[in-house]
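*Asks:* Heads up, here are the entries from Swiss-Prot:
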- CYS1125, CYS1128, CYS1149, CYS1152: Zn(2+) 1 binding site (BINDING)
- 155-576: domain 'Myotubularin phosphatase' (DOMAIN)
- SER8: phosphoserine (MOD_RES)
- SER613: phosphoserine (MOD_RES)
- SER633: phosphoserine (MOD_RES)
- SER647: phosphoserine (MOD_RES)
- SER651: phosphoserine (MOD_RES)
- THR731: phosphothreonine (MOD_RES)
- SER906: phosphoserine (MOD_RES)
- SER909: phosphoserine (MOD_RES)
- SER1064: phosphoserine (MOD_RES)
- 265-285: region 'Disordered' (REGION)
- 590-612: region 'Disordered' (REGION)
- 650-669: region 'Disordered' (REGION)
- 716-735: region 'Disordered' (REGION)
- 855-891: region 'Disordered' (REGION)
- 933-974: region 'Disordered' (REGION)
- 993-1019: region 'Disordered' (REGION)
- 1119-1179: zinc finger (ZN_FING)
Amino acid sequence: MDEETRHSLECIQANQIFPRKQLIREDENLQVPFLELHGESTEFVGRAEDAIIALSNYRLHIKFKESLVNVPLQLIESVECRDIFQLHLTCKDCKVIRCQFSTFEQCQEWLKRLNNAIRPPAKIEDLFSFAYHAWCMEVYASEKEQHGDLCRPGEHVTSRFKNEVERMGFDMNNAWRISNINEKYKLCGSYPQELIVPAWITDKELESVSSFRSWKRIPAVIYRHQSNGAVIARCGQPEVSWWGWRNADDEHLVQSVAKACASDSRSSGSKLSTRNTSRDFPNGGDLSDVEFDSSLSNASGAESLAIQPQKLLILDARSYAAAVANRAKGGGCECPEYYPNCEVVFMGMANIHSIRRSFQSLRLLCTQMPDPGNWLSALESTKWLHHLSVLLKSALLVVHAVDQDQRPVLVHCSDGWDRTPQIVALAKLLLDPYYRTIEGFQVLVEMEWLDFGHKFADRCGHGENSDDLNERCPVFLQWLDCVHQLQRQFPCSFEFNEAFLVKLVQHTYSCLFGTFLCNNAKERGEKHTQERTCSVWSLLRAGNKAFKNLLYSSQSEAVLYPVCHVRNLMLWSAVYLPCPSPTTPVDDSCAPYPAPGTSPDDPPLSRLPKTRSYDNLTTACDNTVPLASRRCSDPSLNEKWQEHRRSLELSSLAGPGEDPLSADSLGKPTRVPGGAELSVAAGVAEGQMENILQEATKEESGVEEPAHRAGIEIQEGKEDPLLEKESRRKTPEASAIGLHQDPELGDAALRSHLDMSWPLFSQGISEQQSGLSVLLSSLQVPPRGEDSLEVPVEQFRIEEIAEGREEAVLPIPVDAKVGYGTSQSCSLLPSQVPFETRGPNVDSSTDMLVEDKVKSVSGPQGHHRSCLVNSGKDRLPQTMEPSPSETSLVERPQVGSVVHRTSLGSTLSLTRSPCALPLAECKEGLVCNGAPETENRASEQPPGLSTLQMYPTPNGHCANGEAGRSKDSLSRQLSAMSCSSAHLHSRNLHHKWLHSHSGRPSATSSPDQPSRSHLDDDGMSVYTDTIQQRLRQIESGHQQEVETLKKQVQELKSRLESQYLTSSLHFNGDFGDEVTSIPDSESNLDQNCLSRCSTEIFSEASWEQVDKQDTEMTRWLPDHLAAHCYACDSAFWLASRKHHCRNCGNVFCSSCCNQKVPVPSQQLFEPSRVCKSCYSSLHPTSSSIDLELDKPIAATSN
């Protein structure tokens, strides 16, 4: 049997072991209200009194009208019935959930179901992490490398012991050695297989010591201070008992730790420098009574002083009374008389039973009324913050001894797996900046908590038959709370943010990953959890921007000294007092900041609120909360507004000094790299905006200012002032778009064209019960300088009304008058055009075109004029009056428009032709995409199509050849046909999303499925940090500025190359036929511009713009030329393979080139390996964190 066949059989067997269960619906109309993970199967779906409740083999999901609860089953500690009809769920992370039912029988039925679901597993394979991994294996059967990247931790975790020994600089020649006495866990089942001990301690002595220490947990070194050589060691309590036993080998080992530390300090100190002073010695602080003159400054004197070991600090986490009481159970503490040169300190930390009671009191307090009058006193009575204070003080004592006193420290409690890892892990975090990075923190957790046997299965309650409640205690959660306190005090010292810690708390209990299963490494090895489950570090990886602290500075304090008083500590509200997740993103429809997803390197993760027309608003409001940003897209809402839709809506012009990141809402203009402004209505669907603007022209006024600057006056038609005010309030998104159309173009020509093109237009509209509202908003021409004036011209909508005969209504525009001293007519395009839909089922991949030839507008001197010109900032705008030809434009289609339907089959959009403004300087093109609207408001959508995102297009200018001689001239109008190629960008995004989101299979949208914007890829609720979100917006704005500068440099380079080619052509005397194209290309700054080829008005009508990169294949860098990774500069060797990026061709290591995405430019339409930089530009979606602020930032306090 070949390997492939055997692998496929293994996948089949794995899925047979974890089969999907039959779904039981209490109501046939109910659907699963969430998207299931791989291996997840929903068992029950029913209705509570005011919610929909669903239970799967992984989670409990309760969808209320205005919020939702999404909890993994293993996070629930207990379920009980209260008040007959109410279920009371207590969670292990301090949350309490209440669910009300209509009948007592229904309440009891769900009580029984939940108690069966949360019962500790009979065997470990019953935990969801095994089913999740098995089903993932089937999905990735054809992509083994990608599967490994997704489910495995990094090399820094798998090779942690060797890397840490080298990084901390242990002297393995003279002072220390690595003992393999615990190989295959034959000495101690809860210890790692490799231990660091003094070099002269033999394995036989270690065996003797193990008989004297609790659970055979002998003293082992875990950390070395890289500057002074002081170390931290850990162990279990000595088994002194009432008989006062002692062990000579144990006493020798403890003293040897101090001697080896002194020896290691001497050897490392001699390597550093020859300039020795008292502070260079490990006992420099004790030299104050020595007259340090030249006679003692020689090498022999320094060496003799360094040999003397420092006094070792034995830190016992217990109180003295508790340590003495443990002698009755065979334990005890070190006797100072038996351990010379040692100091014993008792910290008085509470045991797990006291911590559990304190946590239960805290949980009870957090479930009370939101604002109890005695909150602070009640919080103090729980003693939770007091326990955190004692823990921080204990760790700080270790830090002070190692860093300042340069003394070695030995830490233990009773057994050495609860309070001991808390102290040593916290001390290492304070001492070493490496552990404050994401990778270092992962290594810290793996070594101090997992390798040294913290009993996660017993403490978290997900072990096999772990019914003993006395063994449960949130020890690891308490430690994470201390880390959170450090984050608050040192916001710039941690690479990871609070969301990282919140995720770690959730997955400590969720059992989605196998990292925290079992009680020790021996059990995990026997159960093969590493091979059969995914690692939590694959989610909390260093490359995930959602968990990076943007305030982090690697140059921050090397050693942290926090304030440990209770008054300086704060309750961790994100974990203990979380806000309920909104049901849908429409709850937070007012975003106070512009969308940060404007940079390709910063993919968006949230959704914009949607705007729709409803047949029955009452029904719509029953399903979700009302939209705050809803506009009058339904005729039944505002008849007065419908009667005056012809009025021109103008948005306020942004001042030249406006902060690009200070827009108060998405409806306000947002600066983009080219200087253009984009104001996006909060309710426009993503696919609609994308198709509207994807082929939009790269517009800029190409007219240099004449000696006397001309102004543009804009005036709305005669209209009721109250109505005008109302229309401005209801549609503040009205935008500026420069359009050209000859007013003399007859109705006959347009109607003739309409007869041919309108059936195609109407055929693209599918019949739906709810209407669409498509809004093109606020695309303003980027100004050349301060003196430019942006002229808002028109917005247009398409509304599909579900009443009898379907109609699409286009509002009648107001003709604009543009004057250079005298007014020139520049009529704005279409009006109201009713049409019938051809059928309910229209293929979604069809792209419809509506084209027409548009004549240019001639100015007084015979040159072509534009509606958008540069104007003096001191001039007032002139008048833009309605034209008499306005009424003749009724029932005309949008000239030069392109109709698209997205791949989701429900979006109709009207798209401006890329060259609607002829031969104006084409500067920065924009593509916006918002959330694609489907038939159902609450349908599932790809997260990659979720947030407004702008994709800059190649930069350049399109100027007429005559512009060099006549500064104020504009060039000809191109036909819409020249730019009518259909872009399928939204379809490509959807295709990429299907390939990239591997954590969940596809699901059919249903009326009960909410939007997934508040659920992360791990099925948990998304945690949002407003401060980090704002920082990402600032970072995004900075990246945009950098990209703009890069493009300007490229533009100048192209201009220089163009001038060089032109000058060389004249110099060589080549005046062949090509000379006719020189005037058209002299001023052209874009090599790809359509107007470079001819001066004929419509000669490019049959040409299509082709990017130069589209015709070239990426040239790969040869393997033999790449010795280091192009991104991280790490050297390649046997275990670090070389990987080519299929997009840029450079060579990377596996961690820097671990993403897969289609690369259409290289004819690679299946997911192919690319580097992280190319992945960010090719893939508009990424997991996990919402880059757009959904709520205004508000200060909170506990």
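Heads up, the Cβ atoms here are built off N, Cα and C, so glycines get one too.
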*Asks:* What is the average pLDDT across the zinc finger (1119-1179)?
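*Replies:* In the predicted model, the zinc finger (1119-1179) has a mean pLDDT of 84.
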*Asks:* For CYS1149 (Zn(2+) 1 binding site) and SER1064 (phosphoserine), determine the Cα separation and express it in whole Å.
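*Replies:* Pair distance, Cα basis, whole Å: 45 Å.
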*Asks:* Over all shown protein chains, what is the count of other CB atoms within 10 A of the CB belonging to CYS1149 (Zn(2+) 1 binding site)?
*Replies:* 22
*Asks:* May I ask for the distance between CYS1125 (Zn(2+) 1 binding site) and SER1064 (phosphoserine), taken between their Cα atoms and rounded to an integer number of Å?
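*Replies:* Distance between the two Cα atoms comes out at 41 Å.
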*Asks:* Taking CYS1125, CYS1128, CYS1152 as the binding-site residues to compare, which has the smallest set of other Cβ atoms within 10 Å?
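*Replies:* Ranked by other Cβ atoms within 10 Å, the binding-site residues CYS1125, CYS1128, CYS1152 bottom out at CYS1128.
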*Asks:* For the zinc finger (1119-1179), DSSP counts of helix, strand and coil?
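*Replies:* Per-class counts: 13 helix, 20 strand, 28 coil.
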*Asks:* Give the number of CB atoms, excluding that of SER1064 (phosphoserine) itself, located within 10 Å of its CB.
*Replies:* 10
*Asks:* List, in sequence order, the residues of the same chain other than CYS1125, CYS1128, CYS1149, CYS1152 whose Cβ lies within 8 Å of the centroid of the Cβ atoms of the recorded Zn(2+) 1 site.
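*Replies:* Result: HIS1124, TYR1126, ALA1127, ASP1129, SER1130, PHE1148, SER1150, SER1151, CYS1153.
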*Asks:* Using the alpha carbons only, what distance in Å do you get between SER1064 (phosphoserine) and CYS1152 (Zn(2+) 1 binding site) once rounded?
*Replies:* 44
